[in-house]
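Shown next, in structure tokens, is the structure this report addresses.
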Amino acid sequence: MANQKLTVGLVYGGKSGEHEVSLQTAYAVMNAFNYEKYEIIPFYITKAGDWRRGALLSAPLASVEQLKLERAEGGTKAALDTLFGKLYGEQTLDVLFPLLHGTFGEDGTIQGLFEMADMPYVGAGVLASAAGMDKGVMKKLFEHAGLPQVKYCYFNSTQWVQTSHDLVRNMETELGYPCFVKPANLGSSVGISKASNREELEKAVDLALQFDLKVIVEEYVDAREIEVSVLGNDEPIASVPGEIVSSSDYYDYAAKYTDGQSEMLIPAPLDEEVADRIREAALQAFRALEGCGISRADFFVRRSDGHILINEVNTMPGFTPFSMYPLLWRETGVSYASLLDRMIALALERYERRSALHYENS
């Protein structure tokens with residue numbers, strides 16, 4: 001058994017605006033696996049939500065395009081038969097490795113499916129994933145944990161239709177201009193706008209509501225953007241901090257994935273005491289969300305007074321070759337391949353502990 005390879009189900013694609021990001025991540029991870037330890041079964045979820053299962057791989061595919069298994073035999077039934085095989089005695093997989101970003105990927109939805117399939121899986125569980133995806137819920141958990149953050153307003157589409165005038169006046173009073181408008185449940189900064197007046201604010205809210213039914217509006221702070229990677233279950237560890245220096249007003253989807261105009265400073269040029277406080281706050285945020293496996297915590301360090309503000313936690317950070325999460329661990333002394341090993345080990349550890357629980361009285 002010591003030399004037996006683990007079979008990893010790599011799940012990617014998905015019904016979200018971050019479908020292409022997921023493909024990039026899956027390709028990077030597939031190329032980083034040690035195929036003397038693992039063999040891979042790719043599971044591609046199309047933009048329409050159909051599942052496709054690929055053949056067992058003992059080496060990575062040659063291109064991102066080959067990950068799009070549109071014509072895989074058996075369709076959704078074959079893919080789900082493999083995924084749920086353990087439930088009827090035909091287990092093929094040892095662990096699932098989701099690389100899905102955004103809606104239906106890191107919001108607890110797919111994690112709940114894996115729980116029902118009784119399979120170990122990499123990353124956060126249902127609760128942390130759902131809370132980490134909903135920025136409003138996440139901010140309430142941060143408040144409860146005593147983590148300082150920017151001022152914000154949180155409302156849904158019905159409230160906007162019925163009381164938009166009152167909401168706008170409240171935001172102008174509490175937040176002022178400029179401010180940032182975000183869909184509550186979308187990652188990679190999709191749908192974010194900066195508003196400098198009432199007209200721009202109303203347009204920004206309308207745009208955000210095209211992507212989600214709930215909206216977060218935050219005050220603007222002149223601040224440095226600092227990120228920390230977290231790894232672990234009950235005893236998580238934090239990486240060195242990194243800094244994002246963006247060419248745009250905010251680190252949006254284009255800055256992250258397409259225009260190449262943002263710069264990463266790793267490690268971030270911070271005083272040691274400040275860096276330690278940020279790392280501790282990252283662990284505190286991880287625990288506030290009941291995190292497990294991995295996360296990346298994003299902070300603002302206000303330029304005027306150096307005050308540290310938690311921005312958000314991402315429970316499924318990107319793993320593209322230029323993503324902050326693996327780069328921070330590399331600087332901390334953990335290679336890409338070792339990081340994947342640890343993530344899988346954490347998934348198996350968490351599954352083993354949960355499997356020992358009782359769900360009915362004896």
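For all residues, glycine too, the Cβ spot is worked out from N, Cα and C.
Automatic, uncurated: that is what TrEMBL annotation is.
Listed in TrEMBL:
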{"type": "ACT_SITE", "residues": "Glu18", "note": "active site"}
{"type": "ACT_SITE", "residues": "Ser188", "note": "active site"}
{"type": "ACT_SITE", "residues": "Ser323", "note": "active site"}
{"type": "BINDING", "residues": "Lys135, 180-182, 188-189, 218-225, 311-312", "note": "ATP binding site"}
{"type": "BINDING", "residues": "Asp298, Glu312", "note": "Mg(2+) 1 binding site"}
{"type": "BINDING", "residues": "Glu312, Asn314", "note": "Mg(2+) 2 binding site"}
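All features noted in TrEMBL, drawn onto the structure.
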residue	record	contacts (Cβ under 8 Å, 6+ apart)
Lys135	ATP binding site	Tyr154, Lys182, Ala184, Asn185, Ile216, Glu312
Val181	ATP binding site	Ile192, Ser193, Lys194, Ala195, Leu201, Ala204, Val205, Leu207, Ala208, Val215, Ile216, Val217
Glu218	ATP binding site	Val150, Lys151, Tyr152, Leu175, Cys179, Phe180, Lys182
Tyr220	ATP binding site	Gly176, Tyr177, Pro178, Cys179, Phe180, Lys194
Asp222	ATP binding site	Arg302, Arg303, Ser304
Arg224	ATP binding site	Glu243, Ala268, Phe300, Val301, Arg303
Asp298	Mg(2+) 1 binding site	Glu225, Ile226, Glu227, Ile310, Asn311, Glu312, Val313, Asn314
Ser323	active site	Thr25, Pro317
Practice problem: Could you tell me which of these recorded positions, Glu18, Glu312, has the fewest other Cβ atoms within 10 Å of its Cβ? | Solution: Glu312
Quiz item: When you measure from the Cβ of Asn311 (ATP binding site), how many other Cβ atoms are you left with inside 10 Å?
Solution: 23
Quiz prompt | For Asp222 (ATP binding site), the three-state class that DSSP assigns | solution = coil
Exercise. Take the Cβ of Asn314 (Mg(2+) 2 binding site) and count every other Cβ within 10 Å, whichever protein chain it belongs to.
Key: 23
